[in-house]
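Colleague: For Tyr148, the entry in Swiss-Prot reads active site, nucleophile. What Swiss-Prot records for His59, His61 is Mg(2+) binding site.
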Amino acid sequence: MSNYRRDFTKGGLYFFTIVLQDRTKSYLTDYINEFRSAYKQTCEHYPFETVAICILPDHIHLLMQLPENDDNYAIRIAYLKTQFTRQLPKECRQFNKNRQKYRESGIWQRRFWEHLIRDDKDLANHLDYIYYNPVKHGYVEVVKDWPYSSFHRDVKAEIYPEDWGGNPDLKIKGDI
């Protein structure tokens, strides 16, 4: 058993990877409006700043800035998962006995990857990783063509050029 201990830093900037249980499903993009609604509800109920996000068919990459006196990212992730699952059609929500016992939905992996951003270089690497991910997985050939990403917001803010190509060799811990 792993001795991994999660970091809890008040006001921390965290990178998350949140993954569907069945990686062959594309619920996150098939039901993008439901995801957006669940995300909005989560932000309203448990405020945080979205520094960057990329929604892929079977997983999400998210850079979340917590409020100054708050370290509870887990409640935000759990709430997002719950709200999205509730909005899915019933046939998508599969439950087995063990998951019912722990009040878990069958669509999500139980755990998620979390990483506290340490410095500006770490932040830049994670931003690049998030935005290049749809290209890495073969969903698009260029970053700007992926519609489910905050990349477009960052282009408008002149943080990234629209023709930014990414770094195909960039690897980060927790790469999926």
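Each residue, glycine too, has its Cβ placed from N, Cα and C.
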Colleague: Which secondary structure state does DSSP assign to the residue listed as 'active site, nucleophile', in the simple three-class scheme?
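Modeller: Going by the DSSP assignment, the residue listed as 'active site, nucleophile' belongs to neither helix nor strand, so it counts as coil.
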Colleague: When neighbour density is defined as the number of other C-beta atoms within 10 angstroms of a residue's C-beta, which of the binding-site residues His59, His61 has the lowest density?
Modeller: His59
Colleague: What's the number of neighbouring CB atoms sitting within 10 A of the CB on Tyr148 (active site, nucleophile)?
Modeller: 19
Colleague: Could you state the whole-number distance in Å separating the C-alpha atoms of His61 (Mg(2+) binding site) and Tyr148 (active site, nucleophile)?
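Modeller: Checking the Cα atoms of His61 (Mg(2+) binding site) and Tyr148 (active site, nucleophile) gives a distance of 11 Å.
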Colleague: Sorry to bug you, but what's the C-alpha spacing from Tyr148 (active site, nucleophile) to His59 (Mg(2+) binding site), rounded to the closest Å?
Modeller: 12
